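As structure tokens, the structure follows; a few thoughts come after it.
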């Protein structure tokens, strides 16, 4: 029985002829080369020029790279080993490996802690990044990670992060409790909370007004400018006394009035609860618990953090904080309530209009003035606040673009089904707006990650700070440039390229308009 | 055709609009609208573009705000109170000219979203309801696809099913067939006719006069923000009263 001959009717083919291969000129590498490299005389010349340039670069770099010295104690030893030949001195990376990764001040016997934190970071990120493939119960691990990482990196007692976690959970309980109260019970709660919040706000404003007056008197009146500034601060101070302090009381009254609706009371009660717990309960409770069952690691201060570890810490914390804050700001800017909209616009425009370096200087020096002596915020926290604010403002604008790109019909369809604002935003608007905004958000995130090297200007020794300071200025490694910077560039490239690849993968996953 | 017109209309009032006025800035879109809709009534609203017919039905579920007069839906007065608005919206279904399905959710998720979140229906029950209505609009086999993978006619039928999943007492249609190819119009109209035959209260902005003749028990003609004329379909088409109506009908029925 033949392949093509039919048994029944002679002229009917029963089996398909296998497809014949295309002509050799139309297939495989030959076709690709002909179409992409030699499609015309101009492209042929360009290909040859490019080949020549690539060849020159390879010839230049290869000896430098492969002659590289990996084992030497100083740059002079390197030169002796090379005996005038071209070659890199990678020995600096080996010699200062710990400093490049952890900074020069982090206790050596504790290097396992950041290393473990880094490994756990990757594990904790998986459920969040690949949420469509990982069961959602693993997200609990992601949520617990920050507390564990804090303990590993800074040390101290484990009870402190546990107490903070407990405070957050308790706040959630308070939220649920107030939400489910009957109106009459909630009115009583609203009365108490309104009183506390109103008086508290008024008191804070009173402190602020006093502070402004103090500044105005300490500026003095020497010279026209100082006199003017003094007057301005006096005016602000009086304005606060006359206008803002009564407003603080009024806010308390407004909270009391909104008891029947519930939303505002619930929110303010929860915020008040967590603020009070953080200020007065968390410290003593963790101290007592640690007295009973001590679980402690040697404490490390923020100033001792450094190297690429510092960049990773700042990058991970600031990216994960600035995206939610950016979403809130973007939604706030779209709000129909003038006060919320105004606050968001002023915040975004102000922060975007200021260079990050000035914000970092403010974090380093100025913020200390705003807090009562002794309660100064940790340096790392101050830097995190500033970088987060900075990138949140950018992310807010990116997301606003995504929100604006959604057809009006999506809002109308959500409304017409009876979804309220929170539901429509969470279920319909944000999933689509964020999907559109992914490239923009990733752009900001990558930029933010690289901007963490700017902390070296406020004498925090991140990887660039380490290279510029302790490494290049040591007598052993004086004036070594290419090798450590190449290493830093490689570290950043690996992380940034991974972020970029992940975002492209995510975009493909979220694509729903193709078959 | 006649049987459709005889479908039961109860005495119960579904919608009462009294002396309603609306402006866009200084532009007066709706002038002194008075309209009472009985439960089970099927009303077709037609008129030239810009006459305010879409705006009128969008006022009924508060997608547009009216500035004067009153609208009462199912005994609930439409005011700026958000709770009233959400209550009315969950009782009133709406289909749009451009379907407005949620492109990031599957067909089934589109249909179960509002019942689960607004009505707090358990997920399984919501999915059963959704499949019931998807079968009714004859596309149960597309349930796991995304809206972007469906044709226009199929999308509009999903949109109808999505509204029905909320078990609305009133359905609003805002030019449901205007964005469709001719061969898809029929499948959507068939679905709407079936819905009408089950006694749903419907307000439909459309230019499908065949549909109006077949299922409507009242046709309303609007021009320049006013209700110019309203009558039963036969009388409306065969014996229009105002010159404006005659001109409009000659233009759309003329070819």
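Every residue gets a Cβ built from N, Cα and C, even glycine.
Caution: TrEMBL annotation is automatic and unverified by curators.
For A:41-66 (among others), the entry in TrEMBL reads transmembrane segment.
Counting same-chain residues at least six beyond the ends of the transmembrane segment (A:115-135), those with a Cβ under 8 angstroms from any Cβ of the stretch are 141-142, 145, 148-149, 152-153, 309, 312, 316, 502, 506, 509. The feature transmembrane segment is assigned by TrEMBL to A:115-135 (among others).
Sequence annotations record features per position, and here TrEMBL assigns transmembrane segment to A:147-175 (among others).
For A:187-205 (among others), the entry in TrEMBL reads transmembrane segment. Listed by sequence, the residues of this chain that lie at least six past the ends of the transmembrane segment (A:187-205) yet keep a Cβ under 8 A from its Cβ atoms are 178, 181, 240, 244-256, 258-260, 265, 268-269, 272.
Listed by sequence, the residues of this chain that lie at least six past the ends of the transmembrane segment (A:212-232) yet keep a Cβ under 8 A from its Cβ atoms are 240. The feature transmembrane segment is assigned by TrEMBL to A:212-232 (among others).
A Cβ distance under 8 Å defines the sequence-distant neighbours of the transmembrane segment (A:238-256), meaning residues of its chain 6+ beyond its ends; these are 187, 190-191, 193-199, 201-206, 208-209, 212, 264-265, 268. Annotated transmembrane segment per TrEMBL: A:238-256 (among others), in sequence order.
For A:263-285 (among others), the entry in TrEMBL reads transmembrane segment.
Among residues of the same chain six or more beyond the transmembrane segment (A:305-331), those with a C-beta under 8 A of the stretch's C-beta atoms are 98-106, 114, 118, 121, 153, 344, 347-348, 380, 383-384, 387-389, 391-400, 403, 425, 430, 434, 441, 444-445, 448-449, 452-453, 455, 460-463, 465-466, 488, 491-492, 495. What TrEMBL lists as transmembrane segment is A:305-331 (among others).
Residues or ranges marked as domain 'ABC transmembrane type-1' by TrEMBL: A:308-503.
Within its own chain, the transmembrane segment (A:343-367) is flanked in space by residues 329, 332-333, 335, 377, 379, 382-383, 385-387, 389-390, 392-394, 396-397, 451, 454-455, 457-458, which lie at least six positions past its ends and keep a Cβ under 8 Å from the stretch. Per TrEMBL, transmembrane segment is recorded for A:343-367 (among others).
Taken from TrEMBL, the feature transmembrane segment applies to A:379-399 (among others). Here the transmembrane segment (A:379-399) has Cβ contacts under 8 Å with residues 302-303, 305, 313-314, 317-319, 321-323, 325-327, 329-330, 333, 344, 347-348, 351-352, 356, 359-360, 362-364, 367, 433-434, 437, 440-441, 443-445, 447-448, 451-452, 455, 458, 460 of the same chain, all six or more residues outside its ends.
Under the heading transmembrane segment, TrEMBL lists A:480-500 (among others).
The largest share of C-beta pairs under 8 angstroms with the transmembrane segment (A:147-175) comes from A:263-285, of the ranges A:41-66, A:263-285, A:480-500. Long-range Cβ contacts of the transmembrane segment (A:480-500) within its own chain (Cβ-Cβ under 8 Å, at least 6 residues beyond either end) map to 75, 88-90, 92-93, 96, 100, 308, 311-312, 315, 442, 445-446, 449-450, 463-464, 467, 471-472.
Sequence-remote contacts of a segment are chain residues at least 6 beyond its ends whose Cβ falls under 8 Å from one of its Cβ atoms, and for the transmembrane segment (A:263-285) they are 159-160, 163-164, 167-168, 170-172, 174-175, 178-179, 186, 189-190, 193-194, 196-197, 200, 254-255.
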